[in-house]
Amino acid sequence: MSFLKSFPPPGSAEGLRQQQPETEAVLNGKGLGTGTLYIAESRLSWLDGSGLGFSLEYPTISLHAVSRDLNAYPREHLYVMVNAKFGEESKESVAEEEDSDDDVEPIAEFRFVPSDKSALEAMFTAMCECQALHPDPEDEDSDDYDGEEYDVEAHEQGQGDIPTFYTYEEGLSHLTAEGQATLERLEGMLSQSVSSQYNMAGVRTEDSTRDYEDGMEVDTTPTVAGQFEDADVDH
């Protein structure tokens, strides 16, 4: 694919946490070949035997998980969802965006399938640790409220404006199309939460993995259908 490039693999200088040889890379259901996966603090990279590969920046990774559902994919693997398009899909998405008024965020699904499935836990842990080093700037900004303070005393004297508050129903009407789509997606993810474990499109977080913001274990119980189905995962 055209997005595959030649570059030196990340080393200790980039904080290499995990190097997993004999790992097959799959993008949106299409195999890219077998190579080595490099999980470094700076980026997530994969290179095939010829030295061609790709790198993923952590801020673009919206979800990573260990998938053990053999109904969704025939082999256990590390699943990574990225907010971007790659290869031919990136060209198609540009054309679609020109014809569409909706601001739809691009999504790509990667599956990294190691020949040694026992390495999945170490791969998952390394991903969680590296992802934590790259917090979402939007989350940080939300902690610092820069808006004007509401002066109760001024309001009582008729000198201040009443801040606008919305009920749940009213708030929905003020959401943008993108906001509504995001809300619907999140509600769908949370609708199957059960006691201490939460099922989100086949992804389950348990107490042992709650410390990881973006990482989660996949539910292996047969009661959840459609876990990590291609092109409709989410997160």
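Each position is counted from 1, following the chain as shown.
Any Cβ shown, glycine's included, is placed from N, Cα and C.
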Per Swiss-Prot record, range annotated region 'Disordered' [choices 1-21, 169-189]: 1-21
Helix, strand and coil totals (DSSP H, G, I; E, B; other) for the region 'Disordered' (1-21): 3 helix, 8 strand, 10 coil
